Number of protein chains: 2
Amino acid sequence: MPMSARIIDGRALAAEVRNEVAKGVAALVAGGAAVPELAVVLIGDDPASHVYVSNKVRQTEAVGMRSRRFVLAADTPERLLLDLIEQLNRDPAVSGILVQFPLPPQIDAARVVTAIRPDKDVDGFNPLNVGRTAAGMEGALVPCTPLGILRLIKSVHDDIAGFGALVVGASNVVGRPMARLLLQEMCTVSIAHVRTTDLERRCREADILVVATGVPGLIRGHFIKPGATVIDVGITRIKSGSGAERLVGDVAFDEAIEVAGAITPVPGGVGPMTIACLLANTLGAARMEAARSKAKEANVTTAV
Amino acid sequence: MPMSARIIDGRALAAEVRNEVAKGVAALVAGGAAVPELAVVLIGDDPASHVYVSNKVRQTEAVGMRSRRFVLAADTPERLLLDLIEQLNRDPAVSGILVQFPLPPQIDAARVVTAIRPDKDVDGFNPLNVGRTAAGMEGALVPCTPLGILRLIKSVHDDIAGFGALVVGASNVVGRPMARLLLQEMCTVSIAHVRTTDLERRCREADILVVATGVPGLIRGHFIKPGATVIDVGITRIKSGSGAERLVGDVAFDEAIEVAGAITPVPGGVGPMTIACLLANTLGAARMEAARSKAKEANVTTAV
């Protein structure tokens, strides 16, 4: 009888995270702090981006936080976006700032992520947050997708120190920050990408396999180490012959489920956790700001 | 007949780098810029640290740059060190700032590296430089030892994209930044450490093996993939039975030389390259500053 992997329920875990965040927001506000607020900036009219942003705004409000949405024209000059970011950086009501990717070609992503104040950088892409995470320093805001994935993995194994982890895909949004978090957890971490020659063998050695390539079905069942924890970040819309659409991941799910110990489905795995972790980051940013305000107040009182 | 690895001559390559830096300094000064200056701060009286700092100062001056040395008492409060750093940050004559490690226990290393202005951070430990390197952004100053190692590796293989690289040791000074640089070069990168369980197998799969653990002789000959490039960062002083001292690396050199394709000796491998790359970083920082001054001048002229 073939084994069948445990399916990691991203929707249920995301609901848990949102629940924790809602409690945290209530406690923060009860303690006298302002209601946390997330500012979301969207440039252009990519329909998928509009859907993502609407989801983010709706979920932000559902956990008791405020949100502000800025929609800029697709041909907005970079200078204008940077000015808006600067204004949001200075606005004490704004706890977190998120600029929705992808950006139009006239805007340089590195400049945008660098412009966001590190302690409001709820996407965790500012190089200062990247560096703090990479150096194992405290107080960094960490990108939402890897943060959510770590929580998914920990729902299977609480302590992953010494586990062999392979991250397939080296993007700044998922692969690289994921590798940093897994190293922080004391996994033996490897990172594979388009230039990797022996992907199959490397996958088969991994106790934890995180795949974020956008190549549907890249990882076949026989790539997977029996009992491994498999996280599928890919999500691609595929049209079948009959014209019906469905979403598929980077892992051949029907094969993988026979081999893996635990696996995330697509959809319903990584996706829901990403927004939930964005809310957690926004609460975290608001908490840090509240702590700073309190410290400042205390100093003023002492001085008086 | 056993093969014998090519021995990578770190002293010769370091001389090459110093030569390039000396030419670069001369050209910069000929172009009207100030002589680059390195400020070195040493806290306490660790004899090894004093030797390192003297070497750095001597070599800085040998390539035509200036140096300033600050020696603080072992019980210097952190505040005083941070004030000195701030003063050096603001001093336009100072191109690069280096605080010699290790630091005494009353001083927090994370606070010190964060305090150094990123564009004068010639050790590359400021989290902003760490993050820029990790995210593949331009303009980062990169830690000297991994920078030197990359050059040693490239003296063997010019293009290492697709190579399997294993870094043993996950420190912020060597292992982690090394992994980041190798990923930038499109190696398939793994990072092992004290919690790694199958070190021997992992080593045997690596085309490039960088070892920075401080455990003498940890890597035996049979750990090494035939033909691999082996970089030994370890350097430990060992007393033999007769009382004579010698320096040994983390790799069992006599065994490894029979298997590897190329290997660094200890001493004379990684060590000399580290200081040479510090000089290169100081020149790089001085060049960026000169470019900024020129841009500013041009703006003023335009405004007039």
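These residue numbers are counts, starting from 1, taken along the chain as shown.
Cβ atoms are placed via backbone N, Cα and C, with glycine included.
Per TrEMBL, these features apply:
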type	residues	note
BINDING	B:GLY169, B:ALA170, B:SER171, B:ILE235	NADP(+) binding site
DOMAIN	B:8-123	domain 'Tetrahydrofolate dehydrogenase/cyclohydrolase catalytic'
DOMAIN	B:143-288	domain 'Tetrahydrofolate dehydrogenase/cyclohydrolase NAD(P)-binding'
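Taking the features listed in TrEMBL, we show where each one sits on the structure.
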residue: B:GLY169; record: NADP(+) binding site; contacts (Cβ under 8 Å, 6+ apart): B:GLY175, B:ALA192, B:HIS193, B:VAL211, B:ALA212, B:THR213, B:GLY214, B:VAL233
residue: B:ALA170; record: NADP(+) binding site; contacts (Cβ under 8 Å, 6+ apart): B:ARG176, B:ILE191, B:ALA192, B:HIS193
residue: B:SER171; record: NADP(+) binding site; contacts (Cβ under 8 Å, 6+ apart): B:ALA212
residue: B:ILE235; record: NADP(+) binding site; contacts (Cβ under 8 Å, 6+ apart): B:LEU247, B:VAL248, B:GLY249, B:VAL266, B:PRO267, B:VAL270, B:GLY271
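Residues B:GLY169, B:ALA170, B:SER171, B:ILE235 are the ones the record ties to NADP(+), and the longest Cα gap between any two of them is 16 Å.
Residues belonging to the domain 'Tetrahydrofolate dehydrogenase/cyclohydrolase catalytic' (B:8-123) score a mean pLDDT of 97 in the model.
Secondary structure at B:GLY169 (NADP(+) binding site), taken from DSSP and collapsed to helix, strand or coil, is coil. Listed binding-site residues: B:ALA170, B:SER171, B:ILE235. Those with a CB under 8 Å from a CB in chain A, in sequence order: B:ALA170. Secondary structure of the domain 'Tetrahydrofolate dehydrogenase/cyclohydrolase catalytic' (B:8-123), assigned with DSSP and counted as helix (H, G, I), strand (E, B) and coil, comes to 60 helix, 19 strand, 37 coil.
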